[in-house]
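Once you've had a glance at the structure underneath, I'll fire off some questions.
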């Protein structure tokens, strides 16, 4: 070359099209321009390097040291196609292996097991296809489409079309035969499932032997390219050969019918089920839809085959005069009309409703009709059986409910229950089970702990959201509490709890309205989110009120054992329950020595820390806010009650002395045992008054507490049970008025109105009590000074009025109870009223007045009506 050295003979050029162009020396006399033109160098480039645009290779046509760079460039370009080929090979190989997806994870158990299965496919041999691979999935989908097309189109083409050489028909047959031949080859390289061990067989020799023994003969015969042979020999054959070809096509149709394999259909159903899970479809609904479509499709396909067979048999006989086609003069009609009549005849036979347009006359039609009836009866029985099982599986819980209620109806008929009771039982089952029965406890027990807790929290999410106690509690405590709940339903008028019964459960209202019935005329309503009955669980006492369902109530109950089991693990929540219970009792002027002793013990041991103190403050604050929300509503009624006359009975004329107010800093441990100087004088009664102790430590006695107290609803949406006393019959202003002696007879007309003063406040007759003395409730052991008179409202379980011991006075009436009879009640000391969270100080504006010598101390009127803003401040949390 002129002006340059020889080109590097070892360097070759290779573009991205995987073509290699060796650099050849130019011919003699060609000149450098020709060589540069062949190499793609622009003219006039001289000794400059030539470079093609795009992905071409750079060349150095200069002599000297450019040979090494040219060689390196050629090797790099050669690696590109190799990497591309390796990438394609890896992608195709991965399609032959099972992928890591939801279906494979469910089949093999874990991702590691799937990876192990992938390694088995790699080591099994070349072109071994896993039965759960993506490639096999898409291939089976193509085969399904081809099978449906063949099973529908080929019978119609063979039966109703004489010309088999049209272009669409040839294309369809060629394509289907090619696909079936490829499927025949792939079946030798596809792993099979071992039915005994459910393991995928990947050994080529075992796969080949299993396929040869099972479906190979049927697939090979049905995959013979009859259409190809027919196209080759068609021109050299006469009409007789054409008839032979038609007979071969019939054989082809028979072979195609054998291609419908249950294994492929079942595998397809599994894939469809996998898609349904991916799209978050319901399992029952999805499986039911698939089964319905499979059943309907099978019935329609059998009717289609039978219709083609009805016309094919006369066709093979060249339409004899006694066949149904000739009798109906349909030999030369269009194929659509012929197919319609044939299908109608087939469906009439299969459904056993007739013989179609024409009754069978010839022997061949007779046998075809009997065959159709047998097949139709079998299919009809299968259809009815599958449909029945399908309907039952769609809603098994409703079916169980119907079976259960039939047993209930038989039970009611056997015992001859009245109609109203039967209606109540029917309504209970409707509201309790709502038409479905399932063993929820068994279902939850079969789940693991995280899933079970998640379900319980979801089911009770609205209940938790409406309860302040749960809002400030530990989430683990809430979960443990909810997992112990038991669902119950009560009808309107049902007593959920009864007064005087031993408390074994507490209740949480999910939906409904319940009323708290006390011995007074006032009632409290409980709605969604409220709970009640926890005080008896804490004190192991008896119910002090009855709760009756006003509407259908859906409740969650918690037994005392489960309650204590949960609170043992969360002592702070037990103290929270006890704090709320003390606060509630104190707001109605009652106390419980068990709760007070526990609280005093915890206070002395110093278990209350700052964090727990803040939590208890919030809980008590929520409970008090609900009481304050209902207090303005009840204030006018209670004011009217306060303004009425109180001269109905001697006990109602007793005044209440306002005890002095003590601050929290003035209380100490020594105050618990230091008696007040003004109360050290013994009382004439055999029972010493608990108010012989300081008023900062104990509360003054209350006259007829059970007859003058009632429950009040805390808030229209409250979740707490608030207890509020009614106002006493006399206002606080005339407290300094001297008390009349109890022996003064009752003045006619001076009694309070019937709707304001309870009937139990009337004077006792001179005779003895109507019933024996009822023991004090175990849930209120700290109230020996609180006595009850006759109660107008009877106990729910007793049809008579109850009697209790009246308050002892200095001068006992000659016909009243003797002091010796009252001395059997043990003396009890009320502990530390100031420490209770609900202790609201009395009105400081009224100075205390000394009581008459013959009259015991009285508790002042309900502190709920106290309008002093300082008195309404909660003092419990500050004492913690």
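Don't overthink the numbers, they just go from 1 along the chain as shown.
Any Cβ shown, glycine's included, is placed from N, Cα and C.
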Of 332, 766, which one does Swiss-Prot label N-linked glycosylation site?
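So the answer, going by Swiss-Prot, is 332.
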With the domain names in Swiss-Prot as our guide, do residue 363 and residue 505 land on the same side of the membrane?
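For residue 363 and residue 505, the topology recorded in Swiss-Prot gives opposite membrane sides.
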Of the residue ranges 60-82, 83-105, 106-128, 290-312, which one carries the transmembrane segment annotation in Swiss-Prot?
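From Swiss-Prot, the annotated transmembrane segment range turns out to be 290-312.
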What same-chain residues lie close to the topological domain 'Extracellular' (313-338): Cβ under 8 Å, and 6 or more beyond its ends?
156, 159-161, 250, 345, 356-358, 360-362, 364-365, 368
Under 8 Å between C-beta atoms and at least six residues away from its ends: which parts of the chain pack against the topological domain 'Extracellular' (361-365)?
313-314, 317, 320, 322-324, 327
Write down the Cα-Cα distance for residue 332 (N-linked glycosylation site) and residue 543 (3',5'-cyclic AMP binding site), rounded and given in Å.
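Rounded to a whole number, the Cα-Cα distance is 95 Å.
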Measuring Cα to Cα, how many angstrom lie between residue 544 (3',5'-cyclic AMP binding site) and residue 332 (N-linked glycosylation site)?
97
As a quick check of your reading of DSSP, tell me how many residues in the topological domain 'Cytoplasmic' (189-209) are helical, how many are strand and how many are coil.
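Counts, helix then strand then coil: 6 helix, 5 strand, 10 coil.
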Inside 10 Å of the Cβ of residue 332 (N-linked glycosylation site), count up the other Cβ atoms and send me the figure.
7
Looking only at C-alpha atoms, tell me how far residue 584 (3',5'-cyclic AMP binding site) is from residue 332 (N-linked glycosylation site), rounded to the nearest Å.
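Rounded to the nearest whole number, the Cα-Cα distance is 98 Å.
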Who are the chain neighbours of the topological domain 'Cytoplasmic' (189-209) in space, where the CB to CB distance is under 8 Å and they lie at least 6 residues beyond its ends?
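117, 120-121, 124-125, 127-132, 136.
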